[in-house]
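Novice: Dropping a structure here in structure tokens format, bear with me for questions.
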Amino acid sequence: MSTTTLTRREQRAKAQHFIDTLEGTAFPNSKRIYVTGSQHDIRVPMREIQLSPTLIGGSKDNPQFEENEAVPVYDTSGPYGDPEVAINVQQGLAKLRQPWIDARNDSEELDDRSSAYTRERLADDGLDDLRFTGLLTPKRAKAGKCVTQLHYARKGIVTPEMEFIAIRENMGRERIRSEVLRHQHPGMNFGARLPENITPEFVRDEVAAGRAIIPANINHPESEPMIIGRNFLVKVNANIGNSAVTSSIEEEVEKLVWSTRWGADTVMDLSTGRYIHETREWILRNSPVPIGTVPIYQALEKVNGIAEDLTWEAFRDTLLEQAEQGVDYFTIHAGVLLRYVPMTAKRLTGIVSRGGSIMAKWCLSHHKENFLFEHFREICEICAAYDVSLSLGDGLRPGSIQDANDEAQFSELHTLGELTKIAWEYDVQVMIEGPGHVPMHMIQRNMTEELESCHEAPFYTLGPLTTDIAPGYDHFTSGIGAAMIGWFGCAMLCYVTPKEHLGLPNKEDVKQGLITYKIAAHAADLAKGHPGAQIRDNAMSKARFEFRWEDQFNLALDPFTARAYHDETLPQESGKVAHFCSMCGPKFCSMKISQEVRDYAAAQAIEVGMADMSENFRAKGGEIYLKREEV
């Protein structure tokens, strides 16, 4: 039954069943491996795709094979991708980073929650059935201390998180010996610095320079360290979250697990409905990837959805609430200034950012400057105490290609650059959010402007969508722009699902969006020339040429769909070993013909070689034995 035909009760029951029966699961013919670091507790997970051998000759009774190396790939699924790990959503994930956080001895447990709203929720017995049972006691920096990865990097410290990331970014490519797999075209990197081998010191230096961030709140010890930066692999974010009209805690946890399985490097919880606090707790305690939020959404819920009633005090309380739960990065729309709002009046689609429109409405109704801008230093102080990274929101991003690259968009971007420098004064990590809707020929300017205006802080974009004519297919229209801007230097791409502009995505939409954006990110890595990026492509091409169908399925980003499409027309097991597919059939398969041409050429070379030897034999007088000096 399609998810869209289920009732709300049935959807919740289905999600609950998914959670109750959840166990660590590997992709087909893959296994979880761990690469260890200098410390015994630095164990970096990767997925290793096992491949079948290549038939190279012999006879039917005595075939000869050549082994194909297993291909290691980056894995975001955390414990959910390890069949050896017992999963219990009620208890949450293991606290991977807790020993590292404790060993630094610069944070302390709080006697009570700092947020009045959190204290109110915890005191409400009516929420007991919804509440995650194993609540953590939150930590914050000790007085006079800073606990951010940027602070450590500037002090010259290589943290365990940085070593973990260095191993992870190398993707196990040092294991690959085959020259065929290691071959890679030189890329065009537009000034990015892409070392052949990523070291912990390189990670530290990039973070120290502000060119990369490690979103890792000390209250989210379950997360596996990852990095967002121009000189690393392009990352992908997935958005989940309930709304006032649909979705439940069970469904959001299901979407979280599903997102990490299909390659989400980070997940943003954009919940705006009931039980935001409780939903977020379940998500954080079960997330192996960093979690981001837009705090203004929840702050607005606290004032009954009336933007004019927002206050700095309510917003500050929300920041404390979320920081102590473990949110790894906040999207803050502090660049929507009062003087920029009139610039949007001549736009075709005005202000399309939800956070941007909230702050614009507040500014106009009070005729005051954006309180997020006015209190930005206080925001930084809060972030520094928990190591919450800032994602400076593009509240004035274009919502149509007609509005792309206009005065409002770039005015805000320049302000975000000023705010970046302020955040760095507090050792707070920063990335910059970008558009939006931009036609292809105008995309590169966005990257250039961001690098110049925002001092090379990582760029994080929503697409951009390259045309406005394809509702229902905006994962395609935006995937084109995402691949381009990723190539130009964008560090993280926020996925767009087929439901963009139409409705709240379900589980299948999340998968479609992620696959599309993993393609875009990988295409960008190839174009940049990221070391090792081509290994999987080469393995796939070799498997394709050798008609190793099972390996083709297993090397695919989505093995299940690849297999299903093949089996629609060749469902028999014999189709998995056939030297053709249903598109061309046995007589017109280009790969099969190419193999025959190669075999013929090899045979011809042998014949030519034998003819040359024969001619040489005759030229030397037909002697069977030659004198020593003639040899």
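Using N, Cα and C of the backbone, Cβ positions are placed for all residues, glycine too.
Reproduced below are the annotations present in Swiss-Prot:
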- Asn239, Met268, Tyr297, His333, Ser353, Arg354, Gly355, Asp394, Gly395, Leu396, Arg397, Glu433, Tyr460: substrate binding site (BINDING)
- His437, His501: Zn(2+) binding site (BINDING)
- Cys581, Cys584, Cys589: [4Fe-4S] cluster binding site (BINDING)
Novice: Count the Cβ atoms, other than its own, that fall within 10 Å of the Cβ of His437 (Zn(2+) binding site), considering every protein chain shown.
Specialist: 26
Novice: Can you tell me the CA-to-CA distance separating Gly395 (substrate binding site) and His437 (Zn(2+) binding site), as a whole number of Å?
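Specialist: So the Cα of His437 (Zn(2+) binding site) lies 13 Å away from that of Gly395 (substrate binding site).
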Novice: What's the CA-CA gap between His437 (Zn(2+) binding site) and Tyr297 (substrate binding site) in angstrom, rounded?
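Specialist: Per the Cα atoms, His437 (Zn(2+) binding site) and Tyr297 (substrate binding site) stand 23 Å apart.
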Novice: Tell me the coarse DSSP state (helix, strand, coil) of Tyr297 (substrate binding site).
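Specialist: The residue in question, Tyr297 (substrate binding site), is helix (DSSP, three-state).
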Novice: Sort Tyr460 (substrate binding site) into helix, strand or coil using the DSSP assignment.
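Specialist: The residue in question, Tyr460 (substrate binding site), is strand (DSSP, three-state).
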Novice: If you count the C-beta atoms lying within 10 Å of each candidate's C-beta, which of the binding-site residues Gly355, Gly395 ends up with the smallest number?
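Specialist: Minimum Cβ neighbour count within 10 Å, taken over the binding-site residues Gly355, Gly395, occurs at Gly355.
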Novice: What Cα-Cα separation, expressed in whole Å, is found between Asn239 (substrate binding site) and His501 (Zn(2+) binding site)?
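Specialist: With distance taken Cα to Cα, His501 (Zn(2+) binding site) is 14 Å from Asn239 (substrate binding site).
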Novice: Compile a sequence-ordered list of residues in the same chain as His501 (Zn(2+) binding site), six or more apart from it, whose Cβ lies below 8 A from its Cβ; state 'none' when nothing qualifies.
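Specialist: Set apart from His501 (Zn(2+) binding site) by at least 6 residues yet with Cβ under 8 Å, we have Pro471, Asp474.
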Novice: Quick check: in three-state DSSP terms, what is Arg397 (substrate binding site)?
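Specialist: For Arg397 (substrate binding site) - judged by DSSP and reduced to three states - the answer is coil.
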Novice: Starting from the Cβ of Arg397 (substrate binding site), draw a 10 Å sphere and report how many other Cβ atoms land inside it.
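Specialist: A 10 Å sphere around the Cβ of Arg397 (substrate binding site) contains 27 other Cβ atoms.
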Novice: Within its own chain, what residues at least 6 apart in sequence put their Cβ under 8 Å from the Cβ of Tyr460 (substrate binding site), listed in sequence order?
Specialist: Ile228, Asn237, Ser391, Met431, Ile432, Glu433, Gly434, Cys490, Ala491, Met492, Leu493, Cys494
